[in-house]
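Undergrad: As annotated in TrEMBL:
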REGION    1-32  region 'Disordered'
DOMAIN    72-326  domain 'Orn/DAP/Arg decarboxylase 2 N-terminal'
MOD_RES   LYS96  N6-(pyridoxal phosphate)lysine
BINDING   GLY278, GLU320, PRO321, GLY322, ARG323, TYR421  pyridoxal 5'-phosphate binding site
BINDING   ARG323, ARG360, TYR364, GLU392, TYR421  substrate binding site
DOMAIN    331-419  domain 'Orn/DAP/Arg decarboxylase 2 C-terminal'
ACT_SITE  CYS391  active site, proton donor
Amino acid sequence: MSRSAHPAGPRHADVLPEGHYAGPPEDLNTLDPRVWSRTVTRNDDGAAEVGGLDVRDLAAEFGTPAYILDEADFRARCRAWRAAFGQGADVFYAGKAFLSRAVVRWLTEEGLNLDVCSGTELAVALDAGMPAERIALHGNNKSTAEIERAVTAGVGRIVLDSFQEIARVAAVAAEHGVRQRVQIRVTVGVEAHTHEFIATAHEDQKFGLSLADGQAAEAVRRVLMLDSLELAGIHSHIGSQIFDMAGFEVAARRVVSLLGEIRDEHGVELPEIDLGGGLGIAYTTDDDPREPHEIAKALGEIVARECDAARLTPPRLSVEPGRAIVGPTAFTLYEVGTVKPLEGLRTYVSVDGGMSDNIRTALYDAEYSVSLVSRASDAEPMLVRVVGKHCESGDIVVKDAFLPADTAPGDLLAVPATGAYCRSMASNYNHALRPPVVAVADGRARVIVRRETEEDLLRLDVG
Ligand code: LLP
């Protein structure tokens, strides 16, 4: 689903989709900064280092598979987003990409807000000290218990997704004597150019209230009539792993146009709009993501222009990047278990994880890169498919890639850009134990989410 592909030489043309591959990379030892987090380098031994730590030492201490998260990179990305959007806008990190208490603390320190989409994400956020007013609660089917938890904690906004929910949130807020700030999530009718499962603003899907059929305007009417709700603004999220700003432009135009209609019908100018997340990252070197300052500039200009045309005071803008902040900051470290050449086809390299720690390849046809990281190698490139250890042939981590032909059991491989939606979507398929997340910074490593143990699984299995 990323636009990227891996290159292949002519001798592989028969097994690879035509026009999709240009040839093996020049140097398999290069750890290209476009896909690796910023402190990753190779040391004099030829092994990769991150945060000043050799991956061989990380594997020895924490085991494999493991997600290795570059804290300096995470913080730098937070700062870049904050600086790009400035004081007149808010950046809500989308916790669904990856959430842990350490992450919440980093976000709090770096001045970001947080988007949560379940009562349990909210619990993590509150436990780690994110001030409730900096939290937004999302979801298309929030339970009354989740709403209650959010309202009583004092979250800054609840994003409403249906007529039933308007009534539900209003009732809970009234019961607790609270006037709850809310936004209404609208469906702007944009066809985002991404995988169907992660596009969210076309008409035929479960999120939001449609602008086109008048449901959004009706939701506004209902919310404005309820004393226990304060309508702060309109929300739109068009999908994920998007590179083209055109979809955001259409979304902004339609959201601002709704603000104009609300002013004309009700005489109120809503003070906020949220344009969601969805900005793409580089999974391979073929992906060319926009920088936060380019995104901020483009969105700011679109909103200003549309507001000017509609004679509206520009509302306070917020965005909700998840993947674009955490995605590039982590890689998954695996150990090679078997290497199986299939004559005339390719070589299957099995690692000690798979679809339980990265479901994205199987689910979205996602493309990833992979490198041998425990040593450098001058061997010829060989075309590989990196697969996991699960009982399923779709258990693919990296569909098409090149590794040195001498890659062997015991080598360490790393798959970059796995910070988003890998640990957070990990499963226990085949009773796999979900890997730890190890944060590294300035020559120190610490586990921020520990590896699951057999006891953890057995404790759930109550016989
Ligand atoms: N805001 C809202 C309301 C969302 O629904 C999402 C993602 C985001 C922000 C953050 O989007 P991001 O910037 O991370 O793309 N599991 C899929 C992605 C699902 C995203 C769901 N919503 C994947 O692995 O690609």
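From the backbone N, Cα and C atoms, a Cβ is placed for every residue, glycine too.
Keep in mind that TrEMBL annotations are predicted by a computer and have not been checked by a curator.
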Undergrad: From the Cα of ARG360 (substrate binding site) across to the Cα of GLY278 (pyridoxal 5'-phosphate binding site), what is the distance in angstrom?
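TA: Distance (Cα to Cα, whole Å): 15 Å.
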Undergrad: For the binding-site residues TYR364, TYR421, work out the Cβ neighbour count at 10 Å and name the residue with the minimum.
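TA: Among the binding-site residues TYR364, TYR421, the sparsest Cβ neighbourhood within 10 Å belongs to TYR364.
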Undergrad: Would you mind reading off the Cα separation of CYS391 (active site, proton donor) from ARG360 (substrate binding site), to the nearest angstrom?
TA: 17
Undergrad: Who sits close to PRO321 (pyridoxal 5'-phosphate binding site): which same-chain residues at least 6 apart have their Cβ under 8 Å from its Cβ?
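TA: Set apart from PRO321 (pyridoxal 5'-phosphate binding site) by at least 6 residues yet with Cβ under 8 Å, we have TRP81, VAL91, TYR93, ALA94, GLY277, GLY278, LEU279, PRO292.
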Undergrad: Should any of the binding-site residues ARG360, TYR364, GLU392 have a Cα within 10 Å of the Cα of ARG323 (pyridoxal 5'-phosphate binding site), which are they?
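TA: Passing the 10 Å Cα cut: none.
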Undergrad: Determine the most Cβ-crowded residue among the binding-site residues GLU320, GLU392, using a 10 Å radius around each Cβ and all protein chains in the structure.
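TA: The residue with the densest Cβ neighbourhood is GLU320.
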Undergrad: Just checking a number: largest C-alpha distance across GLY278, GLU320, PRO321, GLY322, ARG323, TYR421 for the pyridoxal 5'-phosphate site, rounded to a whole Å.
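TA: Answer in Å: the longest Cα-Cα distance is 15.
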Undergrad: Pop the Cα-Cα gap between TYR421 (pyridoxal 5'-phosphate binding site) and LYS96 (N6-(pyridoxal phosphate)lysine) into the table, whole Å please.
TA: 7
Undergrad: Which one is closest to TYR364 (substrate binding site) in space, judged by CA to CA distance, out of the binding-site residues GLU320, GLY322, TYR421?
TA: TYR421
Undergrad: Taking only same-chain residues 6+ apart in sequence, whose CB is under 8 Å from that of GLY322 (pyridoxal 5'-phosphate binding site), what do you get?
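TA: Correct list: TYR93, ALA94, GLY95, LYS96, ALA97, PHE98, ASP115, GLY277, ALA420, TYR421.
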Undergrad: Rounded to a whole number, what is the top Cα to Cα distance in Å among the residues the record ties to substrate, namely ARG323, ARG360, TYR364, GLU392, TYR421?
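TA: Taking every pair of listed residues, the largest Cα separation comes to 27 Å.
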Undergrad: Sorry to bug you, but what's the C-alpha spacing from GLU320 (pyridoxal 5'-phosphate binding site) to GLU392 (substrate binding site), rounded to the closest Å?
TA: 35
Undergrad: Between ARG360 (substrate binding site) and GLU320 (pyridoxal 5'-phosphate binding site), how many Å separate their Cα atoms?
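TA: Rounded to the nearest whole number, the Cα-Cα distance is 21 Å.
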Undergrad: Quick one, of the recorded positions GLY278, ARG323, ARG360, CYS391, which Cβ has the fewest other Cβ within 10 Å?
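TA: Result for the recorded positions GLY278, ARG323, ARG360, CYS391: minimum number of other Cβ atoms within 10 Å at CYS391.
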